[in-house]
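As structure tokens, the structure follows; a few thoughts come after it.
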Amino acid sequence: MTILPFLAAVFVLQLLSTLTVAEIKSFTISNDSRPVILLEKFGIIEIGHVTVSVSSVSVLSPILDSSKLGFFVLSEESLPHVLLELQQNFSFCVLDSHYILHFFTFVDLSPPPRSQFSKSYPITSPNDYSLFFANCVPETRVSMKVHTEIYHDLYPNGSRDYLLAGSAQLPGLYLVFFLCYLSFLCFWLCFCWNHKQIVKRIHLLMTALLLVKSLTLICAAVYKHYVKVTGTAHGWNIVFYIFQFISVVLLFMVIVLIGNGWSFLKPKLHVKEKKLLVIVVPLQVLANIASIVIGETGPYTQDWVSWNQIFFLADITCCCAIVFAMVWSMCCLRETSKTDGKAVKNLAKLPVLRKFYVLVIGYLFFTRIVVVVMKMKADFTYQWVSNAAEEIATLSFYCLMFYMFRPIEKNEYCDVDDEEEIVELSLK
């Protein structure tokens, strides 16, 4: 095994592994020739177990050496030592290292046609671990069915906790934020009811956004609870992905519509705003599809890194399109006021627009950049902190946005004299 494939796998591990979840998983590896395959990343804070079962193993190789094909667990502390061994000898097989937790090799497999084996390994040292499959035989392709179970033995009665270090707090965290959003929704509904004479269409869309966000969080809490207790989601992952998809698309639609003054400054969207929606919505659809694929598979999938790249590019492109449209819209409004007398008095609305644009840019920067850095840098026992930071930032953004554009009579952003002025103010 050369050092380059192993370094590539380690790089992917450090960059993207916060997206993997330690639970019960079953997957198939088909005709794969990769020298090393990252199967799972997990953290253990007390006594834990790793169980790996393989079946229907098939190997295509010109020179078969079953002892050079197998599974191992590598701790974060041992990683530098293994890299040093590979640097000193490029042909060194990582399965021969003294720094790994050796699981089993294909020598242990039962005879064909079943070709299966299962082993459970106790882990008693708290650390950040990674489960790998190594193929040290050149030009060898492997196909097999793999079943993994990773859990904590926390209770004397033998019950298991499948949400490992850094994720065990997620069910309670999502439940708390669900209650926050539910209270927010009730307050918003009461406020809109008391001001129903001036409620606009955008306020109805904002109400739908709050409702779907609340449902997303309660589904996330139930989803993580079932994974924690049983190791599987029992279908709640599908419900969660549906509401998450609707929530994200609604959020970006609300941002675009508010930023362009729909139902506040003008009764309908113009061509440029419609084009922006045509760009933003499909990009978010693509990003959500990529997010689902990433969440439901893992680094053992050959195109997993590509899906991560698709998610990142689609999401960042969408955010950049929104920021560019906001800045361009403000510049156009400022230039229009120099030649249009009726538009001059509406420059008073620019400070409010500017505040909203700064709020959006700050929110996008924090959730897309700062949170990702937190996930990469945080200790494995504090991975949940990045989730908490993201939810706090999102709730704060919602509160400020809803406060700025609440349905009141004297709203400096919504106060427009008449429909004729609205049409003249519209950016063509």
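Cβ atoms here come from the backbone N, Cα and C positions, even for glycine.
As annotated by Swiss-Prot, N-linked glycosylation site applies to N31 (among others), with the evidence given as sequence analysis. N31 (N-linked glycosylation site) falls within a strand when secondary structure is assigned with DSSP.
What Swiss-Prot records for N89 (among others) is N-linked glycosylation site. Summarising the environment of N89 (N-linked glycosylation site), the number of other Cβ atoms within 10 Å of its Cβ, over all protein chains shown, is 11.
If you look up Swiss-Prot, you'll see N157 (among others) marked as N-linked glycosylation site, on the strength of sequence analysis.
Per Swiss-Prot, signal peptide is recorded for 1-22, and the stated evidence type is sequence analysis.
As annotated by Swiss-Prot, transmembrane segment applies to 173-193 (among others).
For the transmembrane segment (202-222), the list of distant contacts is 170-172, 174-175, 177-178, 181-182, 184-185, 188-189, 192, 236, 239-240, 243-244, 246-247, 250-251, 253-254, 257-258, 262-264, 391, 398, 402, 405-407: same-chain residues at least six beyond its ends, Cβ to Cβ under 8 Å. As annotated by Swiss-Prot, transmembrane segment applies to 202-222 (among others).
Using a Cβ-Cβ cut-off under 8 Å and counting only residues 6 or more beyond its ends in the same chain, the transmembrane segment (238-258) has close neighbours at 202, 205-206, 208-209, 212-213, 215-216, 219-220, 223, 264, 269, 273, 276-277, 280-281, 284-285, 287-288, 291-292, 295, 318, 322, 325, 356, 360, 401, 405. Residues or ranges marked as transmembrane segment in Swiss-Prot: 238-258 (among others).
As annotated by Swiss-Prot, transmembrane segment applies to 276-296 (among others). Non-local neighbours of the transmembrane segment (276-296) in the same chain are 19, 21, 237, 241, 244-245, 248-249, 252-253, 256, 260, 269, 304, 307-308, 310-311, 314-315, 317-318, 321-322, 325; each lies 6+ residues outside the stretch with a CB under 8 Å from one of its CB atoms.
The annotation transmembrane segment is assigned in Swiss-Prot to 310-330 (among others) on the grounds of sequence analysis.
Within the chain, the transmembrane segment (356-376) has long-range Cβ neighbours (under 8 A, six or more residues past its boundaries) at 14-15, 18, 255, 258-259, 315-316, 319, 322-323, 326-327, 330, 383, 385-386, 389-390, 393-394, 397, 400-401, 404-405. The transmembrane segment annotation in Swiss-Prot covers 356-376 (among others) and is backed by sequence analysis.
Positions annotated as transmembrane segment by Swiss-Prot, on the basis of sequence analysis: 385-405 (among others). If you look at the transmembrane segment (385-405), the same-chain residues 6 or more away from its ends with a CB under 8 A from one of its CBs are 18, 170, 173-174, 177, 180-181, 184, 188, 202-203, 206, 210, 213, 217, 254, 258, 264, 352, 355-356, 359, 363, 366-367, 370-371, 374-375, 378, 411, 413-414.
Taking a C-beta cut-off of under 8 Å and a sequence gap of six or more, N31 (N-linked glycosylation site) has these contacts in its own chain: L60, R141, V142, S143. DSSP gives N89 (N-linked glycosylation site) a coil state; it is part of no helix or strand.
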